[in-house]
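*Asks:* Dumping what Swiss-Prot says about this protein:
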type	residues	note
REGION	1-267	region 'Amidoligase domain'
BINDING	Asp71, Glu141	Mg(2+) binding site
BINDING	Gly354, Leu382, Gly383, Met384, Gln385, Glu405, Arg462	L-glutamine binding site
REGION	536-558	region 'Disordered'
COMPBIAS	542-558	compositional bias 'Polar residues'
Amino acid sequence: MAKFVFVTGGVVSSIGKGIVAASLGRLLKSRGYSVSILKLDPYLNVDPGTMSPFQHGEVFVTEDGAETDLDLGHYERFTDTAMSRLNSVTTGSIYQAVINKERRGDYNGGTVQVIPHITGEIRERIHRVAANSGADVVITEIGGTVGDIESLPFLEAIREFRGDVGRNDLAYIHVTLLPFIGTSGELKTKPTQHSVKELRAIGIQPDVLVCRSDRPINEDLKSKIGGFCGVPNRAVITALDADSIYAVPISLEEEGLCLEMLDVLNLTDHDSDMKSWVELVHKLRNPGPAVKVALVGKYVQLNDAYLSVVEALRHACLTQDASLELSWVCAEQIETHGPENLLKGMDAVVVPGGFGNRGVDGKVAAIRWAREQRVPFLGLCLGMQCAVIEWARNQAGLTGASSSELEPDTNHPVIHLLPEQQDVVDLGGTMRLGVYPCRIAPDTLAQKLYGEQVVYERHRHRYEFNNSYRNLFIESGYTISGSSPDGRLVELIELKGHPFFTACQYHPEFLSRPGKPHPLFRGLIEAAQLRLPASPDEALRRQSQTNISAQEQPSRIG
């Protein structure tokens, strides 16, 4: 039978509940326990798929095609475990399910209320994750802050959950903030006390307090917090501000979070294997030479809009012993100031996904600059579509070529709507979503990077390369290096003779993991490193490779 952990937050929003949940998952998995993590979001949207990235950050896509909160990306990256649509629950989806049941008559004419019907549906979703995943421990993060009206049904549901499984099979973690007041020179505990008081009023007594702080918390302060909040001193965990989110599991392990959880849940403490994670953090703190990467996007004012892309770049840099020097470049600024002014000195360019025509001309200009200047380039989703448009306009002779999404009346719709999307009216959850196979063409950069004939990648799009232009693109020098198994959909393109120029219709960033970077991102960083001044050892290695390559070439004499 599964054990259950519930993570709540108090005092302020964005306090790091998701990272705490993901870190605990990592620590449990390091001891041999299987873990699944779900997020309960208190907003009324059914899912974040139709929300602006400025409102919500990126939309993370699961294997089964759910559009979810970005925290699910943290869960997957930290635990190296795939989540599903069951792991993302919103107030909107709960109410939708309950109302649908009422319309079908499932409640036999009864009055439908928040308690027990809404809270019962929430509890059912948590049980469903446990049954579907078969995990030893199910961790549930409750979005929002204790005291918010929107979160009350979720908090009531996790209070009721204690009656479902018994007190020995669940634990409550409350993440809170200890603010430092400079004038008094003290960390203040009163906000934490009041936050726990709010929880107790609902009927939840936390087992562990994870206290965010920018400085160490001494034992006297832990004793004070524990006494006022009703938890043992050892269960008051310091969560110091970290230089990287990947350092948080190590910090929480040193503070004893996992041991306390195992004790509360009556689980055996096995030997912990965090060696690879410790090595990863050591690399983060002792990076190699910096690689300058420009991320050219529409939503660069909010970094979370491209969270998985940035993490994938970091993973690749870690493996390649490089540090990431990321430049956030607004695509619209390129339209005004030109790519040569904003991208000069970059070692690589990434154009990620997005929607709408704002900034597209800037992305197209950035791609042309990377192509002509022979700067390594990686395009993702809309980034691939922009690469196709750039080639059509500047190399294939298709003046005015565009996407039918951006310019419905274009004479050359090199990107067009997928046939199965023709009659789709609703926006939410109706795109080509989730994992699909991609067949890799032999003797291509993609085949070299992947080392596989067929790969499986996550998608989120409505528009695709227009096969009416396929032969023209191939004849003009484009290489289609990946397509759907039936050959109908172009999934991956590249340019031969360029140091690194490739773009994909899918989202490889969702599959990148610390210590296991995605092949496309690793290839990009490896190509970018070749632009850096070589150390003496590296210069010898490159010369050796050049000599070997020369020896392998057939002789032109005789």
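Every residue gets a Cβ built from N, Cα and C, even glycine.
Could you place the listed features in the three-dimensional structure?
*Replies:* Per-residue pLDDT, averaged across the region 'Amidoligase domain' (1-267), gives 95.
Counting every protein chain shown, 25 other Cβ atoms lie within 10 Å of the Cβ of Asp71 (Mg(2+) binding site).
Shown in sequence order, Val351, Pro352, Gly353, Gly354, Phe355, Val360, Lys363, His461 are the residues of the chain, 6+ apart in sequence, with a C-beta less than 8 angstroms from the C-beta of Leu382 (L-glutamine binding site).
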*Asks:* Just checking, which of Gly354, Gly383 (binding-site residues) has the fewest C-beta atoms within 10 Å of its C-beta?
*Replies:* Gly354
*Asks:* At its widest, how many Å does the recorded L-glutamine site span between Cα atoms of Gly354, Leu382, Gly383, Met384, Gln385, Glu405, Arg462?
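*Replies:* Max Cα-Cα spread across the L-glutamine binders: 14 Å.
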*Asks:* Quick one: pull the CA-CA distance for Glu141 (Mg(2+) binding site) versus Glu405 (L-glutamine binding site), whole Å only.
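*Replies:* Cα of Glu141 (Mg(2+) binding site) to Cα of Glu405 (L-glutamine binding site) measures 37 Å after rounding.
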*Asks:* Taking just the CA atoms, what is the gap between Asp71 (Mg(2+) binding site) and Gly383 (L-glutamine binding site) in Å?
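*Replies:* Checking the Cα atoms of Asp71 (Mg(2+) binding site) and Gly383 (L-glutamine binding site) gives a distance of 24 Å.
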*Asks:* Indicate whether Glu141 (Mg(2+) binding site) is helix, strand or coil by DSSP.
*Replies:* strand
*Asks:* What does DSSP say about Arg462 (L-glutamine binding site): helix, strand or coil?
*Replies:* coil
*Asks:* Glu405 (L-glutamine binding site) has how many other Cβ neighbours within 10 Å of its own Cβ?
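*Replies:* Its Cβ shell of radius 10 Å holds 19 other Cβ atoms.
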